[in-house]
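**Q** From TrEMBL, for reference:
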ACT_SITE  A:122  active site, proton donor
BINDING   A:12, A:92, A:186  [4Fe-4S] cluster binding site
BINDING   A:36, A:70, A:120, A:214, A:215, A:216, A:258  dimethylallyl diphosphate binding site
BINDING   A:36, A:70, A:120, A:214, A:215, A:216, A:258  isopentenyl diphosphate binding site
BINDING   A:36, A:70, A:120, A:158, A:214, A:215, A:216, A:258  (2E)-4-hydroxy-3-methylbut-2-enyl diphosphate binding site
């Protein structure tokens, strides 16, 4: 069986940057997991004493707080400042951008639509920067129920699919006079998705590596399944099952934006050793 | 044979307003045809002495100039002011809007995309208000060749199809960071189009009344033909042919935004008198 890696996969710019910040800070705490990858978080704890706090309420006693890639709500940032905690901001610059857009557009009087998952920490953070009307929608069908003003600004969670973002925008422009569209979807997400699509077309089994609560990893799984029904999402090599690869000829591997290379390496090794 | 009028057809708000202005001004000249309907222009000439100048170069000797519904280029307006001509502005307010948007967006540093027909007087007028980069595109395929800045503003000719406008916007949002979308398509156009679509589904012959150089009338013909292959575009009852109605049971009638009711009435009378 041939094993082939996607042309683009794994760590994005923001994650590489956040890990570098965490490694060079040491003895700090992150508010919520720094990135969506448990294995990497355990490595940072072990090698650099970087703790992960469940949420902001556990911050007392913390001297240095690292803001994770997804960012945190404006109110939480204010809370840390009041507590005189040293703040090390590892928010991905691609996430800081929609935060700033929300703040600015609210001030200019636009109603704001965020395309994304209301429960996702990135979206919670971005939403908190809107001072006026703001709505989070995950599907175009939710828009009909909203009553917005004639001027609407729209941003996207960085890891959403651009095709669905276009549907949201198309609805808005046929219902509102001015729609100010900020495409805040991250290029890295596109590139990993495109590469997963291409690879899954030529594979008869696909392994997607990444956090099971990671939005962009789940998107990769979804795309892989479109073209290769035998697609599996795993977080570590321990979850691999030999039976997945029986009778297969082409195994494709891709990984979410929060997946470190050392995990992918272990997975390739284990698959290579299966007797199939 | 049953004859049925579309639920919405004919004169829009801007045209009704322009005709009222022309009738109450009298002894004036319009720069180019006031509206896209020759019969109505002849009526205005005969009853109210409203002349139609071929273009701005024929303006010498004119005391009162009526600006037609489609508007005129900014430079032409300036020329009239310099010539000390009395200006009576019958530009449709729905056309004034994209003119003002172009002016404002240029000043704010946006590159401008106008969705429309470069040769259409409305588009020529709107385009003239952009002081920076501006491009007119009629089809999404033309966008790839453009090199725009990261911030793009987009408006539409008032009489275009919203579905095609959405295609333009979809392309732009996947290629540019900020796209400021102003849906300047006119509701009257939508309503006439929707009604034409509905009526053509239940008709076995459709008569579309309107100027042959009118953009919105041509759209109505296009929509009618989708559902009723025997669709005809005429400007007056003189063009009607009895053979079109032979063996037909349902005749639908719609009319472009520049078509006066008195023309439609004559057409219905003539069709009713055909022995089919």
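The backbone N, Cα and C atoms fix where each Cβ goes, and this holds for glycine too.
Bear in mind that TrEMBL entries carry predicted annotations, made automatically and left uncurated.
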**Q** Considering each pair of residues in A:36, A:70, A:120, A:214, A:215, A:216, A:258, all listed as binding dimethylallyl diphosphate, report the largest CA to CA distance in Å, no decimals.
**A** 15
**Q** If you draw a 10 Å sphere around the Cβ of residue A:216 (dimethylallyl diphosphate binding site), how many other Cβ atoms fall inside it, taking every protein chain shown into account?
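**A** The answer is 23 other Cβ atoms.
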**Q** Counting across all protein chains shown, how many other Cβ atoms sit within 10 Å of the Cβ of residue A:36 (dimethylallyl diphosphate binding site)?
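**A** Result for residue A:36 (dimethylallyl diphosphate binding site): 26 neighbouring Cβ atoms inside 10 Å.
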**Q** Using the Cβ center of A:36, A:70, A:120, A:158, A:214, A:215, A:216, A:258 as the (2E)-4-hydroxy-3-methylbut-2-enyl diphosphate site position, which other residues in that chain lie within 8 Å, going by their Cβ?
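**A** For the (2E)-4-hydroxy-3-methylbut-2-enyl diphosphate site, the extra neighbours are A:69, A:122, A:159, A:211, A:217, A:256, A:257.
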**Q** Can you tell me which binding-site residues out of A:12, A:120, A:186 are within 10 A of residue A:158 ((2E)-4-hydroxy-3-methylbut-2-enyl diphosphate binding site) by Cα, answering none if there aren't any?
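**A** Correct set: A:186.
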**Q** List the residues in the vicinity of the [4Fe-4S] cluster site, defined as same-chain residues other than A:12, A:92, A:186 with C-beta within 8 angstroms of the site's C-beta centre.
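**A** After dropping the recorded site residues, what remains is A:13, A:14, A:15, A:69, A:94, A:95, A:158, A:159, A:188, A:189, A:257.
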**Q** Same chain only, sequence gap of 6 or more: which residues have a CB within under 8 Å of the CB of residue A:186 ([4Fe-4S] cluster binding site)?
**A** A:12, A:14, A:92, A:94, A:158, A:159
**Q** Determine the minimum-neighbour residue: among A:70, A:120, listed as binding-site residues, which Cβ has the fewest other Cβ atoms within 10 angstroms?
**A** A:120
**Q** In sequence order, which residues at least six apart in the same chain have a CB under 8 Å from the CB of residue A:258 (dimethylallyl diphosphate binding site)?
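**A** The list for residue A:258 (dimethylallyl diphosphate binding site) reads A:11, A:15, A:35, A:36, A:37, A:40, A:69, A:210, A:211, A:214, A:216, A:217, given in order along the sequence.
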**Q** Looking at the binding-site residues A:158, A:214, A:215, which sits with the largest number of other Cβ atoms within 10 Å of its Cβ?
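**A** Counting every other Cβ within 10 Å of each candidate, the maximum falls on A:158.
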